[in-house]
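Undergrad: If you scroll down you'll find the structure; I have some questions about it.
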Amino acid sequence: MALSMKMRANARVSGRRVAAVAPRVVPFSSASSSVLRSGFALRCLWTSAAWAALASVVEAVKKSVGDLHKADLEGKRVFVRADLNVPLDKATLAITDDTRIRAAVPTLKYLLDNGAKVLLTSHLGRPKGGPEDKYRLTPVVARLSELLGKPVTKVDDCIGPEVEKAVGAMKNGELLLLENCRFYKEEEKNEPEFAKKLAANADLYVNDAFGTAHRAHASTEGVTKFLKPSVAGFLLQKELDYLDGAVSNPKRPFVAIVGGSKVSSKITVIEALMEKCDKIIIGGGMIFTFYKARALKVGSSLVEDDKIELAKKLEEMAKAKGVQLLLPTDVVVADKFDANANTQTVPITAIPDGWMGLDIGPDSVKTFNDALADAKTVVWNGPMGVFEFPQVRQRTVSIANTLAGLTPKGCITIIGGGDSVAAVEQAGVAEKMSHISTGGGASLELLEGKVLPGVAALDEK
């Protein structure tokens, strides 16, 4: 990509992008259009992929909480947006997985150890425009207190006089947990007045909720207009470093593993990864759309008929770019979509009529393991099969074990996506991965090169 840059004197590079779309493509000789960002002018022959890659790199250079020191934090009221959306037992409301709480601890401890008064909020579940007891953050209090080694006080609101009174009574180094911010419909609508109320009792802002960074909500984007500085927490910064680093400057060979049920939900990320990857491994239900595009019989397997031409295009694109696109060579099929269905393993050329594919087979695992053997960077998003069925989740777990073996050999292994994370947890190898992303949708959008509103709104270094 040809690129020329010029900057005004005393101007600094901004991490924000003017628009979420690429400039129009023009011949370089007449490329007079430029994208201005605080005096930073870009002039080039653009492609959508080049634009996405540049946007992703620029966006990631944000001020972090680690750039703030005791003098900046002591006595200050810090509004922290974390992702405490933990799974709860439906009957007891007990936390069944505290991963997201543990992930928030480094940022919170840093702030508390430096004398800040921490106001912490999050969303939990999907409340329907008002308070619901099953979505209160109350279950978080005991576990968070245990992890921090100090008492955690909670109020039953996130704005208003109750919060103001509680904040007024806080001492340095104390934490106040505010209630679920999605109890107000204004949160997801990013209404300025609500954002102003969230910010009313704070002096500065820290966003450590990568899982919602792709949403422009009041607590992730709106509050930054009222609180300065607005910086990234350690978790958010780690996510950006790993995920953006994997795409913008990967150690090679770079392999992406993309699973899931539908081509339509992963098309953008597959296209973006083709610009960077040496190999792409495809798994999950989407493989049957590729098979049908090859004129193979797929039985009753899930197929997106309107995406068959797209599957052909992706295979052609991979060939043109010299990217090795690997599909399973055998599959586990069932006579019905049920956890207790009859199953058998067959080559992809021999799927019986009336049977549907639910997982990849053992030969496929061997093929994929061979492709991964020399990898130096691996990004994995999405399961290899129907992970919720215990009898057909073993291949996904096998891939998790393979990646765990690569990490000690110097390979950077990055896991993003709910079922991929569940697989490494179930295999007991989570600690052996380089990075496990806390945001499924956010990690996908970052890999696609999209601007994350919650990140773009933060202060640049």
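Every residue, even glycine, has its Cβ placed from backbone N, Cα and C.
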Undergrad: Looking at the (2R)-3-phosphoglycerate binding annotation from Swiss-Prot, with ALA82, ASP83, ASN85, ARG100, SER122, HIS123, GLY125, ARG126, HIS214, ARG215 already listed, which candidate in ARG136, ARG143, ARG182 is the matching residue?
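TA: That (2R)-3-phosphoglycerate site, as Swiss-Prot gives it, pairs ALA82, ASP83, ASN85, ARG100, SER122, HIS123, GLY125, ARG126, HIS214, ARG215 with ARG182.
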Undergrad: Swiss-Prot records GLY260, GLY284 as ADP-binding residues. Which of PHE79, PHE387, PHE389 is assigned to the same site?
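TA: My reading of Swiss-Prot gives PHE387 as the candidate in that site.
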Undergrad: May I ask you to find which of GLY285, GLY410, GLY416 Swiss-Prot records for the AMP site already listed with LYS262, LYS266, GLY357, GLU388?
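TA: Record source Swiss-Prot; matching candidate: GLY285.
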Undergrad: Are there residues of the same chain, six or more positions away from LYS266 (AMP binding site), whose CB falls under 8 angstroms from its CB, and which are they?
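TA: Counting only residues 6 or more apart in sequence, the Cβ neighbours of LYS266 (AMP binding site) under 8 Å are VAL258, GLY260, MET286, ASN381, GLY382, LEU444.
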Undergrad: For GLU388 (AMP binding site), which of the listed binding-site residues (ALA82, SER122, GLY125, ARG182, ARG215, ASP419) have their CA atom within 10 A of its CA?
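TA: Cα filter at 10 Å returns ASP419.
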Undergrad: Would you identify the secondary structure of GLY357 (AMP binding site) according to DSSP, in three states?
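TA: In three-state terms, GLY357 (AMP binding site) counts as strand.
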Undergrad: Starting from PHE387 (ADP binding site), work out which of the binding-site residues listed here (ARG182, ARG215, ASP419) have their Cα within 10 Å, and give them in sequence order.
TA: ASP419
Undergrad: Measure from the CA atom of ASN85 ((2R)-3-phosphoglycerate binding site) to the CA atom of SER420 (ATP binding site) and give the result in Å, rounded to a whole number.
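TA: Between the Cα atoms of SER420 (ATP binding site) and ASN85 ((2R)-3-phosphoglycerate binding site), the distance comes to 18 Å.
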Undergrad: Which entry in the list of binding-site residues, ARG182, ARG215, LYS262, has its Cβ near the fewest other Cβ atoms, using 10 Å as the limit?
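TA: Per-residue Cβ counts within 10 Å for the binding-site residues ARG182, ARG215, LYS262 bottom out at LYS262.
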Undergrad: If you count Cβ atoms within 10 Å of the Cβ of GLY285 (AMP binding site), leaving out that atom itself, what do you get?
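TA: Neighbour count, Cβ to Cβ under the 10 Å cut-off: 24.
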Undergrad: Whole-number answer please: how many Å between the C-alpha atoms of SER122 ((2R)-3-phosphoglycerate binding site) and GLY284 (ADP binding site)?
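TA: Pair distance, Cα basis, whole Å: 32 Å.
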